[in-house]
Amino acid sequence: MPPLGRIANHSSLRKHRPLEYNMHDAFFDRREAQPRFVIKPYSTTCMEGQSANFYCRVIAASPPIVSWFRDNRELKQSVKYMKKYDNNDYGLTINRVRLDDRGEYIVRAKNSYGSKEEVVFLNVQKAPEPFQSPRLEEPPKKVVLKDVPMFEEPELAPKFSFHLRPRLIQKNHHCKLICSVQGNPPPKIEWFKDGRPVDEDRTQTTYRHGVCTLEIFNTTMDDAGKYSCTATNKLGEDETVCVLTVQGRAGEQEPRTGMSTSVRPRRVYDSLKTSDVERSRSAADVSRRPAPSARQATPPQASRPKDDLATVAKEEPTAGPSFSSPLSDMIVDAGQTAEFSCQVEGKPEPFIEWLYNGERLSTNDRVSATFVSGRAKLRLSDTLDTDSGEYSCRASNSAGSEACKATLTVRNAAPSAADAGDDSAPAASPRASEGNGVADSSAPVPSSDAAGPPVLVRDLASAIVDKGSPVTLECQIDGSPADVVWMRNGKEVKTSADVEVETTGSTFRLSLKNPSTDDSGTYQCEARQAGQSVSTVCTLLVNDADKPVEPMVTALPEPISVGAGSPAKFVLELATVDNLTVQWFKGTEKIDKSDRIKSVKSGKAFKLDFKTVEPDDAGSYVVKVIKDKKAISKYVASLNVQ
């Protein structure tokens, strides 16, 4: 390798021969270099005179400085307070704890990129006084124990307390069937497949403490069929049955002998309906009969009753997934939020997967996915150039699978109006979206619709009402939106005798005539028109005098609309603040204290103060009330920057 030479020569090599000399530019986000608590400290309780320990684990791009505080005073290393660290592990030991030591402790990790802190509590219990037993005047009388007969477990005929369940297994995967049986004397366990004993070379069976298992370590298409487990002793016989389905790579399932239809196993995301309750019944066919003198081999149809689960599945119609509202292509500026949305139909309810350029997409702090009432959404926050590409939504159930695709294009940030020489250029709205996706700040998008995009004029206002008192939530949206949806806690609100949805011009109302405590929650009104959408959120709190709920709220945060550079303040007022703290979030991101934004406690009120508001501050803010390191409630309000 020739020497690099002067700086000019180095620059030339970087320009013309970067790959040969492995010259690359590297960038990183300063926020990612801030300290992070991967193991947070926990509150603890100890007796007076003992030692209390707190432990946490902190990681950071540059070594952090970890400090411990109590009553805004840093705890120095001493015999009383012993601070320890080992690599990324940090601990604080308080020796010979006294009652005065109880209270709130703060651990703060700080480096050149920022700081993070966590709060813990120490509760000290008073040491019990030593117990002194009274002196006995007379010796205790001798206790005569009665003869107790030895316990003998009664004899019982075999009975399965936990039955086999139908299984759907992919080819070449491991399969394990489990059931539980009771009986005395211990019964003899036998496994059958389609009426014949299972192949011991292909399977492994165990029976310990009443639990019966059958394992197939590398399933093939030939392993599909009807499996049964039979328990026999001198008092009788019992049996449980299930169906095993093996699915190939192409999604084709091998037909089972003697079965006229396939059975779809339950998934955790199935909604609980009457038909689902029937479908969740065990596939076991239990029969109680005296033990036979000799086991007779009979055909499966003669020795096995009809499978109840298969009968229910046969009566229940199925339909493959279909997209009534597919994905649409999107164009957003870097740093904005993009949201893909589509409407999926199918029976049973399909399973939703998101793919990026053909690869499975996993959720994280920046990527979130939801599937509520048939609408699947994918949200990408703080978009980057690398997020551009093809996104797919794949829906699948036992009747088939379907997918739709859309393209996301992330553009570099557009120049400001001043740079472009146009002082009258309008500011971008943080609520506009394109197609079935939503962007937090709008970019001009061509639209074939005659009507313009919706514009939010007045936000929803949070409300506190008593149980049974009518309440109306109201907002104003200009632009004549074609579709307006009301949601509570992420689920669409259905109209009924007590719930009315009303539209008067550009004003939209949701009225609850007889609200109950179950109606409390976060309400959202979303309007769509011309391929774009806007939404507004608020909190409704329904109080029940007979059943008060902690915390008692006297005033909720109100929506704010201010100009850039102006101050703003969110306020949450509680009836009592004993042992309560709060945390403020913008969306899902926790708000850290800074010179411009501060979280303040004043009397019985918690405030979030903005010294000056910037355009990026627009959005939904959530305040969570914390007690004993657990969030017991949360409330939401909107901030609009004009």
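Each residue's number is its place along the chain shown, starting with 1.
Note that Cβ sites are derived from N, Cα and C of the backbone, with glycine treated the same way.
Remember, TrEMBL labels are computer predictions, not curated facts.
The domain 'Ig-like' annotation in TrEMBL covers 35-123 (among others).
Under the heading domain 'Ig-like', TrEMBL lists 158-245 (among others).
Among the features that TrEMBL reports, region 'Disordered' is placed at 246-308 (among others).
The compositional bias 'Basic and acidic residues' annotation in TrEMBL covers 267-288.
If you look up TrEMBL, you'll see 321-409 (among others) marked as domain 'Ig-like'. Regional average pLDDT for the domain 'Ig-like' (321-409) in the model is 86.
TrEMBL lists 415-453 (among others) with the feature region 'Disordered'.
Look at TrEMBL and you will find 453-535 (among others) tagged as domain 'Ig-like'.
Look at TrEMBL and you will find 551-633 (among others) tagged as domain 'Ig-like'.
Comparison of 158-245, 321-409, 453-535, 551-633 by number of C-beta pairs under 8 angstroms to the domain 'Ig-like' (35-123) places 551-633 first. Counting residues per DSSP class in helix, strand and coil order gives 3 helix, 57 strand, 28 coil for the domain 'Ig-like' (158-245).
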